[in-house]
């Protein structure tokens, strides 16, 4: 019992220290709150939060609160697609002309040979979003079923000229993930929300994860110094409901940690969600690209040794980061309920830099 009490005391002390670091990082910004979770040895080591759920009230955030994770959810979408590939429902290298045969004639010819791998590694040549702002804004208030809306979106996206020849360069694209979502929906007859729930959330027991904005009694995103209290109405407000596959998810820190821990385990051949080949594909940079599917793959970060798997996400109202060090079986998650306009980038980076130093060794000078 004495050892158990010592462990509890040490854990509480670590959480208190982490909370103090978060509070310090928030100073000098108008970001209302931030949550941070640290992974060591493939397990949740500590987590802490500081601040308020909305800046016009005084209700403090808690470690059980849900946060919007933005594009940090893209690797979750990839994992869902990978499961469908493993089940024989989809193929990584099938061209769009065969996966979307009814759209082949009307899509830009350059897209006809684009594959799922290219879509999910941002090498398909697609623009980031629909370039027609009016058309994009219309999806924010569209009342049709989400799969019907996504079909309309990808028809428009595939008619737009590529920003560069597919397969040649990296160009970040939310549209690519929506196209992959429609392919999955057509192949299974299920909407992408059901697929992510079935293939990722349920197997990993991510019980606090869901879709769209956070619910009542949870932290709110902030923009322009104010809490966001209604659904986005246009692109300047956030992302439309159809963007599930591109990152319109909310969850607790510990839910996102369960996914991150499985990715770390997968890098050591011990993951439970996917086959070893799928983890390798997700976590390996594509030729001439800084991105795997859809992890950013870096040799180092902030002076700490890699390899590093990293993804950030923001809808303009929230900011989230996941940074993993597979060799050390460690990582960190940081999420703020505001974005760059309220200093959330400064706050998150302010706390992350110091934590990296605890999770990975310093980069050593190249041998001369």
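Cβ atoms here come from the backbone N, Cα and C positions, even for glycine.
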Students should find that the region 'Disordered' stretch in TrEMBL, chosen from 168-191, 192-215, 216-239, 240-263, is 216-239
The region 'Disordered' (216-239): which same-chain residues, six or more beyond its ends, come within Cβ distance under 8 Å?
30-33, 53-56, 61, 65-68, 129, 133, 136-137, 140-141, 174, 246-248, 250, 315-318, 337-339, 341-342
Within the domain 'Beta-lactamase-related' (19-341), what mean pLDDT does the predicted structure show?
97
